[in-house]
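Asks: According to Swiss-Prot, the record shows the following:
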- 1-58: domain 'IBB' (DOMAIN)
- 111-151: repeat 'ARM 1' (REPEAT)
- 154-193: repeat 'ARM 2' (REPEAT)
- 196-236: repeat 'ARM 3' (REPEAT)
- 238-277: repeat 'ARM 4' (REPEAT)
- 280-319: repeat 'ARM 5' (REPEAT)
- 322-362: repeat 'ARM 6' (REPEAT)
- 365-404: repeat 'ARM 7' (REPEAT)
- 408-447: repeat 'ARM 8' (REPEAT)
- 505-534: region 'Disordered' (REGION)
- 514-523: compositional bias 'Low complexity' (COMPBIAS)
Amino acid sequence: MSLRPSERAEVRRSRYKVAVDADEGRRRREDNMVEIRKSRREESLLKKRRDGLPAAAAAAAAASPLLAHSSALQQKLEGLPAMVQAVQSDDSAVQLEATTQFRKLLSIERSPPIEEVINTGVVPRFIAFLQREDYPQLQFEAAWALTNIASGTSDNTKVVVESGAVPIFVKLLSSPSEDVREQAVWALGNVAGDSPKCRDLVLASGGLYPLLQQLNEHAKLSMLRNATWTLSNFCRGKPQPNFEQVKPALSALQRLIHSQDEEVLTDACWALSYLSDGTNDKIQAVIESGVFPRLVELLMHPSASVLIPALRTVGNIVTGDDMQTQCVIDHQALPCLLNLLTNNHKKSIKKEACWTISNITAGNREQIQAVINANIIAPLVHLLQTAEFDIKKEAAWAISNATSGGTHDQIKYLVAQGCIKPLCDLLVCPDPRIVTVCLEGLENILKVGEAEKNLGAGDVNSYAQMIDDAEGLEKIENLQSHDNTEIYEKAVKMLESYWLEEEDDAMPSGDNAQNGFNFGNQQPNVPSGGFNFG
């Protein structure tokens, strides 16, 4: 799809539900691209349980047989009534001991008995312990236990939320105890990570500002990691949070992306990717926060866990207007994108890089020229020819968009780089949208060939000949019988415009040609079955 504002673009958008900003001619990311988020690291980002086991104990637990584990757990569960009784005690020392036992039970590595603990009815007691400002150690143990309960299913989290924990945890972000503050940060991260509804409840309870106060130069690394992760959960999810509520996070994120810690960098970049995913005013706010120079540096980060969200954020920004896209070019992101295309990166990264480039080539002629000058076209064509289908699709958009907005010379350059053959090859792919994208790219190329012919460069459209030589003509013919009306109509139009005129004398008038064309037939009387070009 050429993505220029036009009536056809409107038809395509309604037919295929493509997320296209018709005014700016750029593609928003579609839901089927979220597979880049499906790494285990990202799966675990929503909620985290604090296990608290020292390394040696954790190793021993991992090595122990399953039966031994379940037997030991059963023994502990048999002790629950006594633990419940102890939690209800009026003796602070007994309360602490019992709460610590519950915390340890909820911290076991495999299948912690969250439901069983909830069913004992101790959650309201833990909530009460959160408010014991005179006893920070008890607050800490209760907060840890509730954090792990909230790390379970949505129903588990709901129990914590409906017990009134959220405003208390927000208040604990101002506790004089660093351990209590950090545990409150973690608990709120688990609640916010459960669902957009829970996230909005935390934000409405005033969770953002006291969270941002934890992100200071005196914070220890574990606090920075937890607070950045929680902040990313505050920004995450669809429907998105109210942007004005989370916009203050940008200045903190601008500092956090200069961290040398990979975990902090990863979560800070994911937060930026969520905040930049949307309308141009959101994109502008991200640009104005000053994150861009560092974001481009992070496109070269050796860790994929940092690189992916940094790339995602850059990709979001080029869905904006031409000026916002220019910001990406001006900060020298194109050489980094070239590196992502040519180095040995995984499929999801190459796909995302091609998607980003496709939105740059949907820009103005100067932006298309910047992509050409960065020597990106040749590797893009190589991917279009040889990569996995998911990457080919994005590369096809990138090339087709360049043919749509490019000058004649730019389009001639694309042809010289070998784009015709791979575009022709994709005409047989099962995705009708990509067939349309390739047809439009080829049609734009044919228009330039026609203009060259009319300028006296020869008697034939040399690009029509190149498409024929690349077996594209036969493929375009076959598209006359495609189920998709738009593809069928475009194929017929292209055949009529660029191959039929030579055969005009041999063509019958009337209805005989209505079933399609078969070019190259030397008989003067062509059968009603259609014409065969070639």
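For all residues, glycine too, the Cβ spot is worked out from N, Cα and C.
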Asks: Over the repeat 'ARM 1' (111-151), what is the model's mean pLDDT?
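Replies: Averaged over the repeat 'ARM 1' (111-151), the predicted model reaches a pLDDT of 97.
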Asks: Please list the DSSP helix, strand and coil residue counts for the repeat 'ARM 3' (196-236).
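Replies: Within the repeat 'ARM 3' (196-236) the tally stands at 29 helix, 0 strand, 12 coil.
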Asks: Same chain, outside the repeat 'ARM 8' (408-447) by at least 6, Cβ under 8 Å from its Cβ: which residues?
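Replies: Residues 1-2, 12, 16, 18, 365, 368-369, 372, 377-378, 381, 384-385, 389, 392-393, 396-397, 399-400, 402, 461, 463-464, 466-467, 470-472, 475-476, 478-479, 482-484, 486-487, 490-491, 494, 497-498.
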